[in-house]
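Trainee: Before anything else, here's the structure in question.
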Amino acid sequence: MVLCQGGEGDAAPAAGGKEPEMPPCREDGASAVQPCLCPASGVEAAGDEQRRACGCCSGMSWPCCCEAPGTKKKAACPGLGLFYTILSAFLFSVASLFLKKIEDVHSVEVSAFRCVFQMAFVLPGLIYYKTGFLGPKGKRIFLLLRGCFGSAAMVLLYYAYQAMPLADATVITFTSPVFTSLLAWIFLKEKYSLWDLLFTLFAITGVILIARPPFLFGARVTGIEGSYTNHLKGTIAAIISTVSAASAIVLLRKVGKSVHYFLSIWYYAVIGLIGCVVALFVLNEWRLPYCGRDRVFLILIGLLGLGGQIFLTKALQIEKAGPVSVMRTMDVVFAFILQVLFLNHLPSWWTVGGALCVVASSSGTAIRKWRHSVKKAKQREI
């Protein structure tokens, strides 16, 4: 037996759509970075051009197949992908808590620091995979738009976290799957059923319960932070952020796997940093925090956000998207817990009701998409 070194897998395809000279080994459909055992070169007769393939390796040739005769397939740890998802949700929630704790730092400046961390992480990957910094000519406009929508979503979300209760802003962001389905139906001609319409109405109901407009709930609105004007501004920012994030996801679907994952993040970070710097000079808000604690919080926000994204990407590599999307609703649970423990702000029953509507909507959308993908996979096998 000899060792066949593993590669990065499907989440990071080769630049320009070129296949690597030696396909990476994979285990359990995941992007395994550990080496896998393969038969020695003497197993097959010399000059034999007929090579066997298996479904687990997407048809790659027999010597680099993880289920070749004589090999022992390593069993994946059950529930590891879901554990990564919960860990990702926890890191994102803690980063949001630190954002609430920062004083006198504009949300645009926090976003700029986050973009710097993203660039520092992605740059070595771009150099290693030799993807270039611009991407394929036919895809650059989509990458540019993805960067604009993604960075706008980040800035507006950070503003929403500062302007309204942590749990309220987190709940609104979970309407993203509903808006993604709607935009995919409009621009990508994907199927949009009555169930999707029902989930959309559920999401809108949840947002209304959180925003609590006075013309529906009266002039005396309880359970909010500060003035109702700031609460309303935060709600609008969170909704626009969610629509922008959904637009970025639709653009990524349009691009497909022809563009490296790191390149997509690179556009997102660079465009976000440029936009944040311009906005800070226009608003005259550029300044380092005076308190050493706030500087530590800025660094932790960047690190925790990066860690959350890494664990979420890893979860999607080793687990189906449906269970991961459902498990991501733990973000809402962590947001409620952290808000009560560290911000001393009890959520109102309106917020709880809105959260239940939004979580039911996003979970239902994710489960329907998951079942549809499983059904299509079975039909292809037949």
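Including glycine, each Cβ sits where the backbone N, Cα and C put it.
Automatic prediction, not curation, is the source of TrEMBL annotations.
So TrEMBL lists the following for this protein:
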REGION    1-21  region 'Disordered'
DOMAIN    80-211  domain 'EamA'
TRANSMEM  81-99  transmembrane segment
TRANSMEM  111-129  transmembrane segment
TRANSMEM  141-161  transmembrane segment
TRANSMEM  167-188  transmembrane segment
TRANSMEM  195-215  transmembrane segment
DOMAIN    233-362  domain 'EamA'
TRANSMEM  235-253  transmembrane segment
TRANSMEM  265-283  transmembrane segment
TRANSMEM  295-313  transmembrane segment
TRANSMEM  325-343  transmembrane segment
TRANSMEM  349-367  transmembrane segment
Trainee: Determine which residues of the chain contact the transmembrane segment (349-367) at the Cβ level, with the cut-off under 8 Å and only residues 6 or more beyond its ends counted.
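Mentor: Sequence-remote neighbours of the transmembrane segment (349-367) are 165, 167-168, 171-172, 174-178, 181, 195-196, 199-200, 202-203, 205-210, 212, 217, 223, 321-322, 325-326, 329, 332, 336.
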Trainee: Can you tell me which parts of the same chain pack against the transmembrane segment (265-283), counting only residues 6+ beyond its ends and a CB-CB cutoff under 8 A?
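Mentor: Distal contacts: 106, 108-109, 111-112, 114-116, 118-119, 122-123, 126, 133, 135, 143-144, 146-148, 150-152, 154-155, 248.
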Trainee: State the non-local partners of the transmembrane segment (295-313) in its own chain: residues 6+ outside its ends, Cβ under 8 Å from one of its Cβ atoms.
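Mentor: Answer is 11, 84-85, 87-89, 91-92, 94-95, 98-99, 101-102, 105, 110, 113-114, 116-118, 121, 261, 288-289, 324, 328.
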Trainee: I'm checking region-level scores; what's the whole-number mean pLDDT for the domain 'EamA' (80-211)?
Mentor: 86
Trainee: Mind checking how the domain 'EamA' (80-211) divides into helix, strand and coil residues in DSSP?
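Mentor: Going through the domain 'EamA' (80-211) residue by residue, I get 110 helix, 0 strand, 22 coil.
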